[in-house]
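Q: This is the structure I have questions about; it appears just below.
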Amino acid sequence: MPTKFEFSFSKSHRPAGGVAVLLQAAGAKEAAGAAVADPESVLAKAAKIGKFTGKALSTLDVIAPHGSPADRIVLLGVGHAAGMGDHDWLKAGGAAAAKLRSAEKITVFLDAPGIEVTGKAAADFALGMEMNAYSFESYKTRKSDDEPKTTQKPVKVTIVTATVIAAKKAFGTAQAVGEGVFLARDLVNEPANVLGPVEFAARAKELEKLGVEVEILTEREMKKLGMGALLGVAQGSSRPPRLVVMQWKGGKAKDKSVAFIGKGVVFDTGGISIKPASGMEDMKGDMGGAAAVTGLMHVLAARKAAVNAIGIIGLVENMPDGSAQRPGDIVTSMSGQTIEVINTDAEGRLVLGDALWYCNDRFKPQLMIDLATLTGAIMVALSNHYAGLFSNDDRLAEQLLAAGLVTQERLWRMPLGKEYDKMIDSKFADMKNTGGRHGGSVTAAQFLKRFVKDTPWAHLDIAGTAMGSPTDELNQSWGSGFGVRLLDQLVRANYES
């Protein structure tokens, strides 16, 4: 079962058993809370024997010495604490949680010599613990061969810090962020037989409880709007498509909205241009962009963000039945532009093209950002350490890059240009949906650019980061929830009134 934590913050606390976590900076002679947890000063000797120096994310796990009110003590290094940023506190919390899988009661002492602890730092530490502890086990009926699944009580965690009032306030926001990330992870991890377009739309509809206005457009309504590109992808599946429009109105009425658009291919076989069988199961995650947008809208509403925001997700399934679109078909998008389908596995851009045009045409937002697990080519270029960033606006691109540095959901800016635009010209239509093997992620972005007019726009290709990324202190899950924290930081730093 995944570990659930129940947090409280206190200026002082004497553990009554359980695990005491003591933070220690590199080079410091004493850890946080040592006077309480180690009254006979035994830990310094244990640290010397264990060669524990306070290096960032290093730990030393010991049975509590005589006289300690705790049963077990974990020393947690935070490195050179003067340079700790938000992400460092998150990772420290994640590293602590990784050592505490079997704990029933935890006390964390943050205020160590040489460490400046703000309320936000304390809240980030707690969020880091939650992010590390997340796991998706909805369909596991047994823990092991002989142990039945049981309901687990939350582990009580007391965080000891002088910044109690600020920490409690900051933790409310941190919890909202965590909820959005976990929602995105849940959606990506769900199997496609459970989460089709209709079911995904229903999950998004639940955001109404937080004050988000949610509209769900049916196939018939999209047909009336002329969304031939999106509907062409969907026509091979027996499961009807949906377009979900989410609005959070937390800003002033006169303020233009910021808009986020997500690709939501709930399962991608490739269609008639079918994918190889090996690894196709991962294509349940081809809706990672839509998951991130839905998670972001949850965050903005839950923390009452002072911004007007729009989230639009195009939900389809790409299947190869007798009514599926074929290579060589020509479809007409909502914009009126025609598209020759060269490869039915280049379907995400067709979905996004109509969604982007619809968003711009109806809402006229101040900016649009789309997220999509769009191309394997971006993984060839950047592996799974960075997402690709494409933009027609330098200011927006710089804001996104800065948000990526804060959250460590990192972006790398890629080019756009007329040379690439020519690669998607078609002999039979206004454009074709693939430009060939070379520059595949760039030509995909160039395709999307034809649907945004002059609106400041950015495209995030998250194919390498939304799912299957290497696990770390903050993510032990296949679905990462990439993009939720990044875009929340973007909004927080630049667009809240």
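Note that Cβ sites are derived from N, Cα and C of the backbone, with glycine treated the same way.
These came from Swiss-Prot, pasted as-is:
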BINDING   LYS263, ASP268, ASP286, GLU347  Mn(2+) 2 binding site
BINDING   ASP268, ASP345, GLU347  Mn(2+) 1 binding site
ACT_SITE  LYS275  active site
ACT_SITE  ARG349  active site
Q: So of all those binding-site residues, LYS263, ASP286, ASP345, GLU347, which one's Cα sits nearest to LYS275 (active site)?
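A: Of the binding-site residues LYS263, ASP286, ASP345, GLU347, ASP345 has its Cα closest to that of LYS275 (active site).
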Q: Please name which of the binding-site residues listed here, LYS263, ASP268, ASP286, is nearest in space to ASP345 (Mn(2+) 1 binding site), Cα against Cα.
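A: Ranked by Cα distance from ASP345 (Mn(2+) 1 binding site), first place goes to ASP268.
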Q: Whose Cβ lies within 8 Å of the mean position of the Cβ atoms of LYS263, ASP268, ASP286, GLU347, the Mn(2+) 2 site, other than those residues?
A: VAL233, GLY264, VAL265, MET283, MET287, VAL316, ASN318, GLY348, VAL351, ALA372, THR373, LEU374
Q: Show, in sequence order, which residues other than ASP268, ASP345, GLU347 on the same chain lie with their Cβ within 8 Å of the centre of the Cβ atoms of the Mn(2+) 1 site.
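A: Close Cβ neighbours, site residues excluded: VAL233, VAL265, THR269, GLY270, GLY271, SER273, LYS275, MET283, ASP286, ASN318, THR344, ALA346, GLY348.
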Q: Across all the protein chains here, work out how many other Cβ atoms are within 10 Å of the Cβ of LYS263 (Mn(2+) 2 binding site).
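A: Neighbour count, Cβ to Cβ under the 10 Å cut-off: 31.
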Q: Do any residues at least six apart in sequence from GLU347 (Mn(2+) 2 binding site), in the same chain, have a Cβ closer than 8 Å to its Cβ, and if so which, in order?
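A: Spatial neighbours, sequence-distant, of GLU347 (Mn(2+) 2 binding site): VAL233, VAL265, ASP268, GLY271, VAL316, ASN318, ASN433.
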Q: Give the sequence-ordered list of residues that share a chain with ASP286 (Mn(2+) 2 binding site), lie 6 or more positions from it, and have CB atoms under 8 Å from its CB.
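A: The list for ASP286 (Mn(2+) 2 binding site) reads LYS263, VAL265, VAL266, PHE267, ASP268, ASN318, GLY348, THR373, given in order along the sequence.
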Q: Out of ASP268, ASP345, which of the binding-site residues is least crowded by other Cβ atoms within 10 Å?
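A: Counting other Cβ atoms within 10 Å of each of the binding-site residues ASP268, ASP345 gives the minimum at ASP345.
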